[in-house]
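Feature annotations, courtesy of Swiss-Prot:
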BINDING   Asp15, Glu16, Asp107  divalent metal cation binding site
DOMAIN    9-197  domain 'RNase H type-2'
Amino acid sequence: MFEYPQGYELIAGVDEVGRGPLVGAVVTAAVILDPNNPIEGLADSKKLSEKKRLALAEEIKEKALAWALGRAEANEIDEINILQASLLAMTRAVKSLKIQPHFVLVDGNKIPKDLAIPAQAVVKGDNLVAEISAASILAKVARDQEMEELDKQYPEYAFAQHKGYPTKLHLEKLAELGALPQHRRSFAPVKKALEQF
């Protein structure tokens, strides 16, 4: 059981999606839930079906006291590395909340340096903390939608299928077609594809 920090009224949960993909932004979400308006079935977004995720995402947006998305683009990831870009995107999500939280719970083992709000990192937080579960769902739904949009632009890369992750199919497409402007140049398979073309 996770014990919430005492003495804080508004607690935000923050999570990121998209550290592993070779393409596109890393997307984060920050969520302050309403204790008087609970949401059933919150869990780590990776453990939910797409249908369930989409339904929960709508419910979170409706019932949460505040929610916001943040992002760091592929060129930022290449510039400052994926970990720093994830932390930057988390800060952006928190700063975009229409209500400022008193405390922030961050999934993982690192806290963004420039939050300026008391914070705690929670390993496996997307399983343990409802606010982080909610954030993981919003971030995952947002990023998957972006991959579906990219798929419409470049159907030959099959982004809707692999969501940009380095699957066998994605690596084959990279080798065959080369990298797009949206690909993360600092990631080894993309670097390799750029050298070939």
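Backbone N, Cα and C define each Cβ position, glycine as well.
Figure note: comparing Cβ neighbours within 10 Å for the binding-site residues Asp15, Glu16, Asp107, the maximum is reached by Asp15. Neighbouring residues of the recorded divalent metal cation site, listed in sequence order and excluding Asp15, Glu16, Asp107, comprise Val14, Val17, Thr28, Ala29, Ser86, Met90, Val106, Gly108, Gly125, Asp126, Ile132, Ala135, Ser136, Ala139 (Cβ within 8 Å of the Cβ centroid). In the predicted model, residues of the domain 'RNase H type-2' (9-197) average a pLDDT of 97.
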